[in-house]
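Swiss-Prot has this to say about the protein:
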BINDING   ARG86, GLY124, THR125, ARG126  phosphate binding site
Amino acid sequence: MRLDQRALDQLRDVKITRNYTRYAEGSVLVEFGHTKVLCTASIDNSVPRFLKGQGQGWVTAEYGMLPRSTHTRSDREAARGKQTGRTQEIQRLIGRSLRAMVDLKKLGENTITIDCDVIQADGGTRTAAITGAAVALIDAMNVLLEKKKIKQDPLKGLVAAISVGIYQDEVLLDLCYEEDSNCQTDLNVVMTQAGEFIEIQGTAEEKPFTRTQANAMLEVAEKGIQELIKKQQQALGW
């Protein structure tokens, strides 16, 4: 058993609350246990300069953590004047993951920006952000459809993400902070609804992992992601 009495291959309690804030075209509070991320999707009826005149849209993401989302307060990155490498890496990952679920041609010359703000962190903030942001993105695209700004639904399929790791030679799904801090290996896995991989980020901390262990982690991750996609579908009323 684990710290919170979960089974090795069990997700934390996952909640996806839509329409969490008033103004954004898509707004989701996603909770993976004690990790809570606010994901808001905003529409801009233009595209970045490098896409002008190409008849396609763009999806991008920003990520940040509130100063006291962790055990001790951290300065706001805006106050420091620059983003950390970690923040830049995570927001690029979120953007790549979300673009995989959209036909950018069908999006027209519109940009959807997803802001992922961590309000409480207990491990898995990037995977929770991707899972919640996917729902917020769908809500924003539905606004474009309802307002007849686009003619066809750009959605290709859902996307979700989860962490897996090896602790004391056991594969664990959906790591909390303490598990993540002490595991031998951890992976972040992003997959499509169709079971295709978008990203696999893996690092051995204490000792290298074998191909057999890698396969075992991916199997557990795939199981968890399929469960998350069902939760996304329930939240969307599908």
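Backbone N, Cα and C define each Cβ position, glycine as well.
Distribution of Swiss-Prot features across the structure.
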{"residue": "ARG86", "record": "phosphate binding site", "contacts (Cβ under 8 Å, 6+ apart)": "none"}
{"residue": "GLY124", "record": "phosphate binding site", "contacts (Cβ under 8 Å, 6+ apart)": "PHE32, THR35, ILE162, SER163, ASP174, LEU175, CYS176, ASP180"}
{"residue": "THR125", "record": "phosphate binding site", "contacts (Cβ under 8 Å, 6+ apart)": "THR35, VAL37, MET65, ILE90, VAL118"}
{"residue": "ARG126", "record": "phosphate binding site", "contacts (Cβ under 8 Å, 6+ apart)": "TYR63, ILE90, LEU93, ILE94, ALA161, ASN188"}
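Each of TYR63, ILE90, VAL118, ALA121, GLY123, THR127, ALA128, ALA129, ASN188 belongs to the same chain as ARG86, GLY124, THR125, ARG126, is absent from that list, and has a C-beta within 8 angstroms of the C-beta centroid marking the phosphate site. Site extent for phosphate: among the recorded binding residues ARG86, GLY124, THR125, ARG126, the largest C-alpha separation is 13 Å.
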